[in-house]
Amino acid sequence: MYRALVARYPYAHAELDFETPLQLLVATVLSAQTTDVTVNKVTPGLFARWPSAAALAWADRAEMEAVLKPTGFFRAKTNSVITLSQALVERFGGEVPGRLRDLVTLPGVGRKTANVVLGNAFDVPGITVDTHFGRLVRRFGWTEETDPVKVEHAVGALFPRKDWVMLSHVLIFHGRRTCHAKKPACGACPVSRWCPSYGLGPTDPAVARKLLKFELAPGVTELPDPPPGPLPDEVRE
Ligand code: SF4
(Lines of atoms letter the chains of each structure in order from A and count residues from 1; the text may use other names and numbers.)
(Lines give C-alpha, C1' and ligand atoms only; values in the text may rest on other atoms or scores of the structure.)
Protein backbone atom coordinates (compact mmCIF):
# COMPACT_ATOMS: atom_id res chain seq x y z
CA MET A 1 0.00 0.00 0.00
CA TYR A 2 2.84 2.35 0.83
CA ARG A 3 4.47 1.71 -2.54
CA ALA A 4 1.19 2.28 -4.37
CA LEU A 5 0.72 5.58 -2.55
CA VAL A 6 4.25 6.69 -3.43
CA ALA A 7 3.44 5.79 -7.06
CA ARG A 8 0.30 7.98 -6.86
CA TYR A 9 1.94 10.89 -5.02
CA PRO A 10 5.64 10.77 -5.96
CA TYR A 11 5.83 14.52 -5.38
CA ALA A 12 4.44 14.35 -1.82
CA HIS A 13 6.22 16.83 0.41
CA ALA A 14 5.62 19.16 3.32
CA GLU A 15 3.09 21.53 1.82
CA LEU A 16 4.18 24.45 3.95
CA ASP A 17 6.76 26.69 2.31
CA PHE A 18 9.86 27.38 4.40
CA GLU A 19 13.57 28.10 4.13
CA THR A 20 14.69 27.66 7.74
CA PRO A 21 13.63 25.51 10.72
CA LEU A 22 12.19 28.66 12.36
CA GLN A 23 10.01 29.37 9.34
CA LEU A 24 8.72 25.78 9.28
CA LEU A 25 8.04 25.81 13.02
CA VAL A 26 6.06 29.05 12.82
CA ALA A 27 4.23 27.98 9.64
CA THR A 28 3.22 24.70 11.30
CA VAL A 29 1.82 26.58 14.30
CA LEU A 30 -0.13 28.84 11.90
CA SER A 31 -1.52 25.88 9.95
CA ALA A 32 -3.97 24.92 12.73
CA GLN A 33 -7.56 25.17 11.49
CA THR A 34 -6.60 26.41 8.04
CA THR A 35 -5.04 25.15 4.80
CA ASP A 36 -1.35 25.12 4.02
CA VAL A 37 -2.13 27.16 0.91
CA THR A 38 -3.48 29.99 3.10
CA VAL A 39 -0.47 29.82 5.42
CA ASN A 40 1.87 29.98 2.41
CA LYS A 41 0.21 33.24 1.36
CA VAL A 42 0.94 35.03 4.65
CA THR A 43 4.34 33.67 5.66
CA PRO A 44 6.46 35.54 3.05
CA GLY A 45 5.15 38.87 4.43
CA LEU A 46 5.52 37.68 8.02
CA PHE A 47 9.17 36.61 7.65
CA ALA A 48 10.09 39.65 5.56
CA ARG A 49 8.82 41.92 8.34
CA TRP A 50 10.20 39.84 11.26
CA PRO A 51 13.04 37.64 9.96
CA SER A 52 14.32 36.13 13.23
CA ALA A 53 13.03 34.66 16.47
CA ALA A 54 14.14 37.83 18.28
CA ALA A 55 12.25 40.04 15.82
CA LEU A 56 9.13 37.87 16.14
CA ALA A 57 9.43 37.86 19.93
CA TRP A 58 9.29 41.64 20.14
CA ALA A 59 6.88 42.26 17.27
CA ASP A 60 4.07 44.76 17.59
CA ARG A 61 1.08 42.60 18.40
CA ALA A 62 -1.50 44.61 16.42
CA GLU A 63 0.73 44.71 13.38
CA MET A 64 1.27 40.94 13.47
CA GLU A 65 -2.45 40.31 13.96
CA ALA A 66 -3.15 42.22 10.75
CA VAL A 67 -0.62 40.07 8.85
CA LEU A 68 -2.00 36.80 10.26
CA LYS A 69 -5.68 37.69 9.87
CA PRO A 70 -6.28 35.54 6.73
CA THR A 71 -5.29 32.38 8.64
CA GLY A 72 -8.18 32.71 11.14
CA PHE A 73 -7.90 32.74 14.96
CA PHE A 74 -5.33 35.46 14.32
CA ARG A 75 -5.24 36.85 17.87
CA ALA A 76 -4.51 33.44 19.37
CA LYS A 77 -1.99 32.68 16.61
CA THR A 78 -0.22 36.01 17.12
CA ASN A 79 0.03 35.18 20.78
CA SER A 80 1.40 31.70 19.99
CA VAL A 81 4.03 33.01 17.58
CA ILE A 82 5.21 35.69 20.03
CA THR A 83 5.27 33.34 23.05
CA LEU A 84 7.04 30.62 21.08
CA SER A 85 9.62 33.07 19.74
CA GLN A 86 10.27 34.45 23.23
CA ALA A 87 10.92 30.92 24.50
CA LEU A 88 13.31 30.29 21.60
CA VAL A 89 15.23 33.46 22.42
CA GLU A 90 15.28 32.88 26.19
CA ARG A 91 16.16 29.18 26.20
CA PHE A 92 17.73 28.32 22.84
CA GLY A 93 19.59 31.46 21.77
CA GLY A 94 16.96 32.21 19.11
CA GLU A 95 17.60 28.91 17.28
CA VAL A 96 15.13 26.06 16.80
CA PRO A 97 16.47 23.01 18.64
CA GLY A 98 16.92 19.84 16.57
CA ARG A 99 15.81 17.37 19.26
CA LEU A 100 12.33 16.10 19.99
CA ARG A 101 12.75 16.41 23.74
CA ASP A 102 13.67 20.09 23.42
CA LEU A 103 11.07 20.95 20.80
CA VAL A 104 8.16 19.61 22.84
CA THR A 105 9.09 21.93 25.74
CA LEU A 106 8.26 24.96 23.57
CA PRO A 107 4.84 26.54 24.14
CA GLY A 108 2.25 25.23 21.67
CA VAL A 109 4.58 22.58 20.21
CA GLY A 110 3.40 18.98 20.53
CA ARG A 111 4.86 15.81 19.08
CA LYS A 112 3.07 16.33 15.76
CA THR A 113 4.58 19.76 15.15
CA ALA A 114 7.95 18.61 16.49
CA ASN A 115 8.01 15.65 14.08
CA VAL A 116 7.09 17.86 11.13
CA VAL A 117 10.02 20.14 11.95
CA LEU A 118 12.48 17.31 12.63
CA GLY A 119 11.53 15.35 9.52
CA ASN A 120 11.50 18.23 7.09
CA ALA A 121 13.95 20.81 8.41
CA PHE A 122 16.48 18.54 10.15
CA ASP A 123 16.19 15.29 8.16
CA VAL A 124 15.54 13.37 11.36
CA PRO A 125 13.10 10.51 10.65
CA GLY A 126 9.75 11.16 12.28
CA ILE A 127 6.15 10.12 11.83
CA THR A 128 3.60 12.92 11.75
CA VAL A 129 0.32 11.70 13.19
CA ASP A 130 -2.21 14.31 12.22
CA THR A 131 -5.93 13.78 11.72
CA HIS A 132 -5.43 12.32 8.22
CA PHE A 133 -2.65 9.95 9.22
CA GLY A 134 -4.59 8.57 12.19
CA ARG A 135 -7.79 8.09 10.20
CA LEU A 136 -6.04 6.35 7.31
CA VAL A 137 -3.92 3.90 9.27
CA ARG A 138 -7.03 2.78 11.14
CA ARG A 139 -8.96 2.40 7.87
CA PHE A 140 -6.02 0.46 6.42
CA GLY A 141 -6.09 -1.86 9.43
CA TRP A 142 -2.47 -1.04 10.29
CA THR A 143 -3.41 -0.27 13.89
CA GLU A 144 -6.49 0.15 16.05
CA GLU A 145 -4.83 2.69 18.34
CA THR A 146 -6.40 6.14 18.56
CA ASP A 147 -3.89 7.91 20.78
CA PRO A 148 -1.47 9.74 18.41
CA VAL A 149 1.65 8.68 20.33
CA LYS A 150 0.57 5.02 20.30
CA VAL A 151 -0.26 5.30 16.58
CA GLU A 152 3.19 6.77 15.98
CA HIS A 153 4.89 3.83 17.71
CA ALA A 154 2.63 1.15 16.20
CA VAL A 155 3.10 2.34 12.61
CA GLY A 156 6.76 3.15 13.19
CA ALA A 157 7.32 -0.52 14.02
CA LEU A 158 5.95 -1.53 10.59
CA PHE A 159 8.32 0.59 8.49
CA PRO A 160 12.06 1.23 8.31
CA ARG A 161 13.01 4.63 9.70
CA LYS A 162 14.17 5.82 6.29
CA ASP A 163 10.55 5.67 5.06
CA TRP A 164 8.94 7.51 7.96
CA VAL A 165 8.97 11.02 6.52
CA MET A 166 7.72 10.00 3.06
CA LEU A 167 5.15 7.71 4.66
CA SER A 168 3.79 10.69 6.60
CA HIS A 169 3.67 12.82 3.44
CA VAL A 170 1.90 10.28 1.23
CA LEU A 171 -0.67 9.39 3.85
CA ILE A 172 -1.46 13.05 4.51
CA PHE A 173 -1.66 13.68 0.74
CA HIS A 174 -3.97 10.69 0.34
CA GLY A 175 -6.17 11.85 3.22
CA ARG A 176 -6.48 15.35 1.80
CA ARG A 177 -7.06 14.33 -1.79
CA THR A 178 -8.75 10.92 -1.86
CA CYS A 179 -9.51 9.17 1.44
CA HIS A 180 -11.56 11.98 2.95
CA ALA A 181 -13.06 11.83 6.44
CA LYS A 182 -16.65 11.99 5.23
CA LYS A 183 -16.79 10.54 1.73
CA PRO A 184 -13.64 8.67 0.73
CA ALA A 185 -13.26 8.26 -3.03
CA CYS A 186 -12.89 4.46 -2.88
CA GLY A 187 -13.61 3.97 -6.59
CA ALA A 188 -10.67 6.21 -7.50
CA CYS A 189 -8.25 4.95 -4.89
CA PRO A 190 -4.89 3.39 -5.71
CA VAL A 191 -4.91 1.14 -2.62
CA SER A 192 -8.52 -0.02 -2.83
CA ARG A 193 -7.58 -3.63 -3.59
CA TRP A 194 -5.78 -3.99 -0.26
CA CYS A 195 -7.94 -1.75 1.91
CA PRO A 196 -10.27 -3.46 4.40
CA SER A 197 -12.40 -0.29 4.45
CA TYR A 198 -13.04 -0.32 0.69
CA GLY A 199 -16.72 0.59 0.22
CA LEU A 200 -16.79 3.22 2.97
CA GLY A 201 -17.24 5.73 0.15
CA PRO A 202 -18.59 5.45 -3.41
CA THR A 203 -16.98 2.62 -5.40
CA ASP A 204 -18.25 3.74 -8.79
CA PRO A 205 -15.16 5.19 -10.53
CA ALA A 206 -17.01 8.09 -12.18
CA VAL A 207 -18.72 9.11 -8.93
CA ALA A 208 -15.55 8.64 -6.88
CA ARG A 209 -13.44 10.63 -9.29
CA LYS A 210 -15.62 13.70 -8.72
CA LEU A 211 -14.78 13.50 -5.01
CA LEU A 212 -11.03 13.85 -5.54
CA LYS A 213 -9.80 17.13 -4.08
CA PHE A 214 -6.54 18.67 -4.99
CA GLU A 215 -5.29 21.64 -3.00
CA LEU A 216 -3.85 23.87 -5.64
CA ALA A 217 -1.38 26.51 -4.64
CA PRO A 218 -1.58 29.67 -6.79
CA GLY A 219 0.16 29.04 -10.10
CA VAL A 220 0.70 25.33 -9.42
CA THR A 221 -0.90 22.72 -11.63
CA GLU A 222 -1.35 19.55 -9.69
CA LEU A 223 -3.74 17.24 -11.49
CA PRO A 224 -5.16 13.98 -10.17
CA ASP A 225 -3.16 11.98 -12.68
CA PRO A 226 -2.12 9.28 -13.28
CA PRO A 227 -5.77 8.30 -13.35
CA PRO A 228 -7.02 5.47 -11.22
CA GLY A 229 -6.65 2.15 -12.94
CA PRO A 230 -4.17 -0.67 -13.15
CA LEU A 231 -1.17 -0.12 -10.94
CA PRO A 232 2.35 -0.23 -12.35
CA ASP A 233 3.58 -3.80 -12.64
CA GLU A 234 6.25 -3.47 -9.99
CA VAL A 235 3.65 -2.30 -7.49
CA ARG A 236 1.13 -4.98 -8.41
CA GLU A 237 3.75 -7.68 -7.90
S1 SF4 B 1 -10.40 2.16 -0.42
FE2 SF4 B 1 -11.61 3.87 0.39
S3 SF4 B 1 -11.33 3.78 2.61
FE4 SF4 B 1 -9.71 2.52 1.69
S5 SF4 B 1 -7.97 3.92 1.45
FE6 SF4 B 1 -9.08 3.98 -0.46
S7 SF4 B 1 -10.48 5.72 -0.25
FE8 SF4 B 1 -9.77 5.18 1.81
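A Cβ is built for glycine as well, from the same backbone N, Cα and C atoms used for every other residue.
Source: prediction; values computed, not measured.
As recorded in TrEMBL:
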BINDING   Cys179, Cys186, Cys189, Cys195  [4Fe-4S] cluster binding site
DOMAIN    30-177  domain 'HhH-GPD'
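Features as recorded by TrEMBL, highlighted on the structure.
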{"residue": "Cys179", "record": "[4Fe-4S] cluster binding site", "CB count, 10 Å": "27"}
{"residue": "Cys186", "record": "[4Fe-4S] cluster binding site", "CB count, 10 Å": "23"}
{"residue": "Cys189", "record": "[4Fe-4S] cluster binding site", "CB count, 10 Å": "24"}
{"residue": "Cys195", "record": "[4Fe-4S] cluster binding site", "CB count, 10 Å": "19"}
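Sequence-ordered, the extra residues of this chain that approach the [4Fe-4S] cluster site, with Cβ no more than 8 Å from the Cβ center of Cys179, Cys186, Cys189, Cys195, are Arg139, Thr178, Pro184, Ala185, Val191, Ser192, Ser197, Tyr198, Leu200, Gly201. Reduced to three states, the DSSP call for Cys189 ([4Fe-4S] cluster binding site) is coil.
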